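A.B. asks: TrEMBL lists 6-79, 91-165 with the feature domain 'Glycine transporter'. Annotation comment: TrEMBL describes 6-24, 31-51, 63-82, 89-110, 173-194 as transmembrane segment.
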Amino acid sequence: MTWSLAFDLLGVFCFAISGSLLAVTRGYDIVGSVVLGSLTGLGGGVLRDLVLGITPTAFDQPVYMIPPLVAAALVFFLAPEVQRFPRTLLVFDAAGLGLFCTAGTIKALQHGMNPAAAALLGFTTAIGGGLLRDVCANRNPKLFDPRDIYALPALFGAAAMTALWHWGAASVLTQALVAVVVFAIRVLSLRLHWRVPLAAGERTRPASA
């Protein structure tokens, strides 16, 4: 197994856990847990590969179906224990965000995309699965929540990975380091309640407006 495949599968697993956790909190059965976990874990990578004009790895390599199935089984059978920690979903989502923004950017660069496009595609890979998860579960997408910093860590990670690639410093170590930094930023933003500034006229409106 290559390091790029390992990063990809770990990202799929983390995002699939977050999708399956949301399914359990919404009262879905095991089928719903598998479906929502698969959408979350594989959605961003499928979008990335379609943009690159290649067969999505999720459809080409059966090994990609293992993480969502394992994630759904773990969450389903350990639901009582998992639900004792309400932020578990957010932690796994943050881990997936860090892993996918780096892996997606590297794959885009390997396929010859220019720096700006590669960073954008890495960002899309990171946020795509979570967006599909929230829409399918009829939940306000984290991507658009003004009370939450979600997009910025992924965008930072994709841009950092692009810069490292063009400086000749992209490696397994630097990719892991960037993923950890993105994870840390995301978790700290939740812990410290960081917010993205709103336009002056919007600050007094409720978040649902």
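Cβ coordinates come from backbone N, Cα and C, glycine included.
Keep in mind it's a predicted model, so treat the numbers as computed, not measured.
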A.B. asks: Using a Cβ cut-off under 8 Å, which residues of the same chain at least 6 positions beyond either end of the transmembrane segment (63-82) come close to it?
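C.D. replies: Cβ under 8 Å, 6 or more out: 5, 8-10, 12-13, 16-17, 19-21, 23-24, 30, 33-34, 37-38, 41-42, 45, 57, 88.
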A.B. asks: If you run through the domain 'Glycine transporter' (91-165) with DSSP, how many residues end up as helix, strand and coil?
C.D. replies: 60 helix, 0 strand, 15 coil
